[in-house]
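Record features, source TrEMBL:
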- 81-111: repeat 'PPR' (REPEAT)
- 112-146: repeat 'PPR' (REPEAT)
- 314-348: repeat 'PPR' (REPEAT)
- 415-449: repeat 'PPR' (REPEAT)
- 516-550: repeat 'PPR' (REPEAT)
- 617-651: repeat 'PPR' (REPEAT)
């Protein structure tokens, strides 16, 4: 077989080696071994490559290895053309060695538009937009005409700077050079206008494009999303599909972001199916967008399926899942996901750290937060303002105010989130005066407060019950233009309510143009807080009339008013709505229902709700114990307390008040003393005045007033009026005049205007038959111009509330009521009922002959 002629053999070798080097360059680093073997074969064969083959070899090393290896080939090349220089320039630029790239560019004998574009693009990719534009101006001075790549890069720089004026100038230059009609430059123009917040210009240019590809459509859809025109973005995507233009990664990512912003779960599911059909669901960017939309729509089941359905998990995908978990309160699971990112080598970024700090804050994981903080410092991400804000929020929620304040003081850059985080941390930890001081400091720094800032500061004013501070903050809010913002106005309403200015709160509520749920909740809870339960229920009814749908907080607040008024029928109706709205799983709702039924005297239904509750906290246990104690079922209350202890639920002060009252009702002195000591010995709870009052009642009923008096004198702090009045009530039962006078004198010393003391003391005198002192006590009461607060009771009949005061004639059927009462008293007398002598002490000393006086006289006959 004859050898080919030398010229033919050379041509064959050129084609072979150039083809091999191109294949290896295309395959990337994985083909480096094959490329080096081909290079060695070329050297051994003695073949002298042409400039084209040498450039292919140079390109192979530039793509498969690194700039250093490519440079050795470049330096050994006997002849270098512009392609050789550009290949080397691109290698340095891709490696991030901009200094060497610029130096090499300066040494180029004749740089062309590709050379300039390489540097302009490299600066732009690194966010150095000003440098990129400056290099373009230098390119123009050198007389090098831009091409479509140049314009695409320049427009990207304008987008990064969000400089619309400069973008318009670049557009004019594109028109002048005739490149405006190029589809690549045109797509870049659409993208630039969209990112520079000029959506109408973007869509106008897009509609006028002679040729549009999937990049153009993707830029137009992304522009709609970036400008919060989510529906228009979805409409453009639908139009793109109707025209049969197919789909793209950016278009999918944009429409999924639209669904996430609008919380449109049904549309997201349709698009997900569309992406699966077009084999895009496993794409890294699209898959991340799918996880993100499900997570933000609180559909974690779908989010998990999409997340675990991806073959490779990137940092962005994990971040989307983590943010969703934190949003829905699953902080512990979010922390586990972060551990997975660390173990799997996925890595993390500032978003990951912000997410895991929020997760630690959610579960109050102080020590876990410390570990992540160390990791943030080690990685260098702790200098990022978003990460520092998240760390600040974590320490605030974990009550680590020293650490939070230290982080805040060390921050070189503070944004509104930083100020809000430290102000919220102070408010949440009840440092109310410091909260207001930091607002003043924020204002002095030139930072303008937002609705979140004012929300925290107003809560601090509420905590201080300082109307003075509250008025000043409200004045500042009005000047800032946030006076009628639904959230801020509602917080102002809440502040006025907690400062006792319920009328002003009501006026502000009525001035809010668009009364949202939060505003209604504030005014309803305000009336409830101020013991005006009837008014709270009226506002609840008005809220329903205007079509505002209640939430968990609304129902819990109104149930609390039902408990206060014993309006069990309304409570049952709300219970029915709670079942219908599937809210029974909320532990706050369930504990409020337990409490409502207990306070309304329906202990069987209260117990039923208790047994059916998904999760029992100490509030639910307390409601049952208090309910039994309140209705005289002391033994059941103590049995419930034993169950609570066996369930390892820690009691609090309110629990022991109920337990001690239960012991008082059933006369269990020894058990009462044991539980009283159990507070300190087992649960480290220091007894408060309420507990001492219960012990006075227990000792007085079982061992007599003198023993109770000795107990009061042995207390570690001075008794209040409630404790002395408790002793006075005991004296009435045991007819102990001497101790009663001591108790009464102490109450009047603490509260000289308390009329009930005179009534109680006169009852003691009456029980012991001392009518002279009864008259003297009543005379002292008249001389002091003191009047007894009239007793009040109410009853609900056929969903209508009826209220009654002592001697009341206001009720439209009062005559019928009194006639019925007289009949009942007559039957009582016929049955042998003898009224207690103390009844006569209740006769009105003014001598007015009301119908009530007539009745009392009848009883005394």
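Cβ coordinates come from backbone N, Cα and C, glycine included.
Predicted automatically and left uncurated, TrEMBL annotations should be read as such.
Residues of the same chain lying 6 or more positions beyond the ends of the repeat 'PPR' (415-449) and with a Cβ under 8 Å from any Cβ of it are 385-386, 388-389, 392-393, 395-397, 399, 401, 404-405, 408, 456-457, 459-461, 463-464, 469, 473, 476, 480. For the repeat 'PPR' (617-651), the DSSP counts in helix, strand and coil order read 26 helix, 0 strand, 9 coil. Residues 82, 85-86, 89-90, 93-94, 96, 98, 101-102, 105, 153-154, 156-158, 160-161, 166, 173, 177, 179 of the same chain lie 6+ residues outside the repeat 'PPR' (112-146) yet bring a C-beta within less than 8 angstroms of a C-beta in it. Residue counts for the repeat 'PPR' (516-550) under DSSP (helix as H, G, I; strand as E, B; rest coil) come to 26 helix, 0 strand, 9 coil.
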